[in-house]
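In what follows, a single structure is set out as structure tokens and then discussed.
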Amino acid sequence: MVCCGPGRMLLGWAGLLVLAALCLLQVPGAQAAACEPVRIPLCKSLPWNMTKMPNHLHHSTQANAILAMEQFEGLLGTHCSPDLLFFLCAMYAPICTIDFQHEPIKPCKSVCERARQGCEPILIKYRHSWPESLACDELPVYDRGVCISPEAIVTADGADFPMDSSTGHCRGASSERCKCKPVRATQKTYFRNNYNYVIRAKVKEVKMKCHDVTAVVEVKEILKASLVNIPRDTVNLYTTSGCLCPPLTVNEEYVIMGYEDEERSRLLLVEGSIAEKWKDRLGKKVKRWDMKLRHLGLGKTDASDSTQNQKSGRNSNPRPARS
């Protein structure tokens, strides 16, 4: 190929530019970059494994994106928003599919706004502001353009069997039934289990798959919170099995006590959690119990707290945000 060979050194700058353009058109590798595996460590837990460079921040390689994302490690360590990691990875390692190879898919505006709402107060505390490069205004709205959000991604964890709402098990998948051991809300239980969160919430929906059960609740009041940010909004409570324990009924209001998955910024509803029908009297009791627990400095609950940390994979030493 003449144009890509050594060539003659007597060409002017204009000739060189034309020559370079012709070369690029003839070299297959010069076409739009194809999808490539995600190699950014922070983003490997996300529900996509292919990305495309340059990303939305104009980084030409993932190596550059890795260096740029390091500035957010401290902020991610505060768990200020369950949407922050998803949003950052959607910007720094955008999802790439066969249908959308020409241009990376952007995160939805609502995802950015939720992340900013949860984390900007911490940035301000350390005399920083939300980065202009991550501005939400220019991002697409879900129903008006192509964008991604955590709610829009469906994972294929196996067959989707119908659920018998009266018994709480799958039909056709297994004969094994869910047996939930009831846990009563008492001061002794509250001290022993040392729950990460306590909320007053109304159950909006229970999404049931045989291997994936999620309760969607509307948070009315936050009685206790730990590392995972809890918005006064609709949130998901995740299980770690195919059973909803404790059981919940749609449209009922409960006081819910549970744990958190710190690494994935999720609230958990697992065996040992409590869900009792809401009563003002019970809410007042919980507040008194929590005050006593704080006054005792966790006292005798340290050992049980350590055990629960190991069970739920929580880290009791969050990293502060970088100043």
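Glycine too: its Cβ is placed from the backbone N, Cα and C atoms.
Fair warning: this is a prediction, and the values are worked out from it, not measured in the lab.
Residues or ranges marked as compositional bias 'Polar residues' by Swiss-Prot: 304-323. Annotation source Swiss-Prot lists disulfide bond at C35-C96, C43-C89, C80-C119, C108-C147, C112-C136. As annotated by Swiss-Prot, domain 'FZ' applies to 33-150, with the evidence given as sequence analysis. Annotation comment: Swiss-Prot describes 178-298 as domain 'NTR', evidence class sequence analysis. What Swiss-Prot lists as N-linked glycosylation site is N49, and the listing cites sequence analysis. Look at Swiss-Prot and you will find 299-323 tagged as region 'Disordered'. The feature signal peptide is assigned by Swiss-Prot to 1-32, with sequence analysis given as support.
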| remark: By Cα geometry, the one of the disulfide-bonded residues (C35, C80, C119, C136) nearest C147 (disulfide bond) is C136
| What recorded positions in the list C35, N49, C80, C108, C119, C136 lie within 10 angstroms of C43 (disulfide bond), counting C-alpha atoms? | N49
| remark: C89 (disulfide bond) to C136 (disulfide bond), Cα to Cα, whole Å, comes out at 15
| query | In the structure shown, which of the disulfide-bonded residues C43, C89, C96, C136 has the fewest Cβ neighbours within 10 Å? | reply | C136
| query | Can you tell which of C80, C108, C119, C147 has the most other C-beta atoms within 10 Å, given these are the disulfide-bonded residues? | reply | C108
| Which of C35, C112, all disulfide-bonded residues, has a Cβ with the fewest other Cβ atoms inside 10 Å | C35
| Cβ neighbours of the residue listed as 'N-linked glycosylation site' where a neighbour is any other Cβ within 10 Å | 13
| field | Cα-nearest neighbour of C112 (disulfide bond) within the listed recorded positions, N49, C80, C96 | value | C80
| note | Among the recorded positions listed as N49, C80, C119, C136, within 10 angstroms of C96 (disulfide bond) by C-alpha we get N49
| request: Consider the disulfide-bonded residues C35, C80, C136 and say which one has the Cα lying nearest the Cα of C108 (disulfide bond). | output: C136
| remark: One should report the C-alpha separation between C119 (disulfide bond) and C136 (disulfide bond), rounded to whole angstrom, as 14
| request: May I ask which of the disulfide-bonded residues C35, C80, C136 is closest to the residue listed as 'N-linked glycosylation site' if we compare their C-alpha atoms? | output: C35
